[in-house]
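What TrEMBL records for this protein:
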BINDING   ASN14, GLN47, ASN67, GLY77, ASN78, ASN167, ASN200, GLU218, ARG219, GLY228, THR229  substrate binding site
ACT_SITE  CYS76  active site, proton donor
ACT_SITE  CYS227  active site, proton acceptor
Amino acid sequence: MQKLQFTKMQGAGNDFIVLDGIRQSFALTPAQIRWLADRQFGIGADQILLVERPSRAEADFKYRIFNADGGEVEHCGNGARCFVKFVHAVGLTHKRQICVEVQKGLITLTLQENGEVCVEMGAPLFEPAHVPFDASQIEPRAAGNDTMWPLELNGKRVWVSVLSMGNPHAVQQVEDVETAPVLRDGALIEAHPRFAQRVNAGFMQIIRRDLLKLRVYERGVGETLACGTGACAAAVTALRRGLVDSPVTVSMRGGQLTIIWEGAEIYMVGSAMIVFNGEIDLLDGLAPLSTRLNFN
Ligand SMILES: N[C@@H](CCC[C@H](N)C(=O)O)C(=O)O
């Protein structure tokens, strides 16, 4: 039986299993990823991060991101900060500025003197086709310099900004993020037929010009305690609507991030921590989940 070394990490309460794919050799099936991420039958995590050698000369590393449902995705803000702390902790590099390849492209990360990580997240894209979002036969509404689109959710209409942070986001403003129907509407938005690749659904409440509160129903996971790309998407939406100024603090249930955006690249600053290191026998993924599967 193959043993897999792993590190459990969290960034603002968004939790990860980080795997060193440079010094260990293994291949994971989607069923094994779902099992490892399972909170009862496996280790438990929102996402699994796989650190590999880069395929591009300009990059120091490549890291791949898998949601708890087993699907591979393009980008992960909280994961990026955990990745930097991980490669330092296990001695894969001593560089403080690291160029890393993710599915969405190259990103640069800096481990700051105070231990926080600054991530150059890339520039947001607003063209519906880039999200992708099917904007046919619906009329948008302007909100400052931003565009809101109507979405029908079981007879109810909500207005969302749609944007790509490399991964897809739909952000709506709510009166009170604590009472917003994040679980019900989040699930409907995530699977809405206008989003061909599904979407991360953000619910933001403006508190002050330098502070917003956010909850995110993540694609392939459900509600998480924090979402880094979601924090960027919400900050950009609020900035375009003229509701906040940069830098803005995004407060989520698991912690806070600082987002800086002057119209091009977005910078995200926050902490990341190792929770524990461990080792697990790599089972086929179906056996441990079979009890659960029998009830589906
Ligand atoms: N938690 C992440 C985002 C992870 C990917 C997301 N669920 C998706 O499917 O796009 C973050 O911190 O950005």
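Using N, Cα and C of the backbone, Cβ positions are placed for all residues, glycine too.
In the three-state DSSP reading, ARG219 (substrate binding site) counts as coil. Shown in sequence order, ASP46, ILE65, VAL73, HIS75, CYS76, GLY79, VAL216, VAL221, THR224, CYS227, GLY230 are the same-chain residues outside ASN14, GLN47, ASN67, GLY77, ASN78, ASN167, ASN200, GLU218, ARG219, GLY228, THR229 whose Cβ sits within 8 Å of the Cβ centre of the substrate site. Within 10 Å of its Cβ, the residue among the binding-site residues ASN14, ASN67, ASN78, ASN200, THR229 with the fewest other Cβ atoms is ASN67. Comparing the recorded positions CYS76, ARG219 by how many other C-beta atoms lie within 10 angstroms of each C-beta, the top residue is CYS76.
In this structure the residues listed as binding substrate are ASN14, GLN47, ASN67, GLY77, ASN78, ASN167, ASN200, GLU218, ARG219, GLY228, THR229; their two most distant Cα atoms lie 17 Å apart. For the pair formed by THR229 (substrate binding site) and the residue listed as 'active site, proton donor', distance between Cα atoms is given as 6 Å, rounded to the nearest Å. Sequence-distant contacts of the residue listed as 'active site, proton acceptor', defined as residues of its own chain at least six apart whose C-beta falls under 8 angstroms from its C-beta, comprise ASN14, GLY77, ASN78, ASN200, GLY202, LEU214, VAL216, GLU218, MET252. Secondary structure at CYS227 (active site, proton acceptor), taken from DSSP and collapsed to helix, strand or coil, is coil.
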